[in-house]
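Here the structure is laid out as structure tokens; the discussion comes afterwards.
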Amino acid sequence: MRSITVTVAALCYVVFVFGVLSFSSNAQLDPSFYKKTCPNVSSIVREVVRNVSKKDPRMLASLIRLHFHDCFVLGCDASILLNNTDTPTKIESEQEAAPNNNSIRGLDVVNQIKTAVEKACPGVVSCADILTLAAEISSVLGGGPDWKVPLGRRDGLTASRTLANQNLPSPFSSLDQLKSAFAAQGLNTTDLVALSGAHTFGRARCTFVTSRLYNFNNSSKPDPTLDTTYLQQLRGQCPNGGPGNNLVNFDVTSPDTIDNDYYSNLKVKKGLLQSDQELFSTSGADTISLVNTFASNQDVFFANFKASMIKMGNIGVKTGKDGEVRKQCNFINKKSAEFDLASVVSKESSQENMVSSF
């Protein structure tokens with residue numbers, strides 16, 4: 001009984017202090033949107049993601065990141081999936097923006113899902129909803145929380161490489177820069193800390209880390225917020241002057257599982273990216289108390305993570321007659337008419353050995 005009381009109290013603390021558990025969503029989105037038109041869509045998405053993740057466990061983190069990078073540019077409208085095209089409308093793919101180029105993964109997985117969904121329910125389910133469902137399913141398969149995904153998004157008709165370069169946070173961002181990037185999307189400080197918890201699993205390339213290890217802020221010294229033992233471990237994985245493509249676990253304790261170890265790592269100066277450690281090591285920051293709370297109570301972290309994922313998934317959504325339901329996720333429908341869907345192979349942004357920041 002005492003444990004139940006503690007859990008309830010902790011969750012109430014989240015509701016009244018953090019104020020993020022309203023689970024409000026766009027009024028036109030509904031978890032039962034496809035109940036009559038494609039009732040098995042979630043099961044179809046889950047089957048593809050599960051099969052891929054058996055061979056490539058870090059794909060789960062990559063799919064969550066793909067959703068994140070979509071929503072921060074033009075809203076959650078699958079604009080990140082669009083390839084370069086000159087006709088009928090010129091589109092400069094977001095996949096070639098600096099934060100995405102040789103970085104994002106999972107484009108082929110989304111196309112596998114789309115093909116399976118189209119066989120069951122042709123012309124019904126948007127690529128934007130597939131991205132959102134894949135992110136939630138990746139959380140569950142990674143040991144994290146589940147939630148009812150509001151559905152009914154439509155796919156956008158364009159992309160913006162310029163906004164991708166402008167809106168997506170950098171692994172080298174300061175806390176103020178991170179807050180500004182999230183605030184621009186209608187997300188608050190709690191959302192920032194909760195969504196950063198996605199770095200509890202997955203890998204990053206050494207290129208995002210080496211400056212912290214050898215020449216932080218052009219000082220010719222390592223980042224002073226790095227634990228010295230962890231520093232030596234990372235130097236062994238990321239040699240100075242190396243190609244930068246070696247992979248490093250985000251979480252040193254449970255690299256393939258969604259849990260609250262990410263926050264415990266921050267408290268002992270073992271955040272991998274500068275943007276991670278900024279959440280705890282920025283003097284006087286209001287993020288410190290959130291890190292402490294999430295580190296001490298995984299249930300509270302999970303509750304906030306799923307609330308913030310729902311909130312992020314509602315950014316700038318297109319519904320009703322706005323946008324379209326793409327037949328092929330990499331092209332708007334006017335362009336897809338020029339192709340046979342079965343013959344189109346997605347442009348994966350990188351070879352298998354290249355890796356995202358997740």
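Glycine residues also receive a Cβ, built from the backbone N, Cα and C atoms like all the rest.
Note that TrEMBL annotation is computational and uncurated.
Not measured: the values here are computed from a predicted model.
Of the cysteines listed (Cys38, Cys71), TrEMBL assigns Cys71 as the disulfide partner of Cys76. In this model, the domain 'Plant heme peroxidase family profile' (28-333) carries an average pLDDT of 97. With respect to Asp251 (Ca(2+) 2 binding site), the closest of these recorded positions in Cα terms is Cys206, chosen from Val73, Ser79, Cys127, Cys206, Cys329. Nearest in space to Cys206 (disulfide bond), taking C-alpha to C-alpha distance over the recorded positions His69, Cys71, Val73, Asp77, is His69.
Every protein chain shown contributes to the tally, and the Cβ of Cys329 (disulfide bond) ends up with 25 other Cβ atoms within 10 Å. On a Cα basis, Thr200 (Ca(2+) 2 binding site) lies 20 Å away from Cys71 (disulfide bond). Of the listed recorded positions Cys38, Val73, Cys76, Cys238, the Cβ environment within 10 Å is emptiest of other Cβ atoms at Cys38. For Ser79 (Ca(2+) 1 binding site), the Cβ neighbour count at a 10 Å cut-off comes to 28, with all displayed protein chains included.
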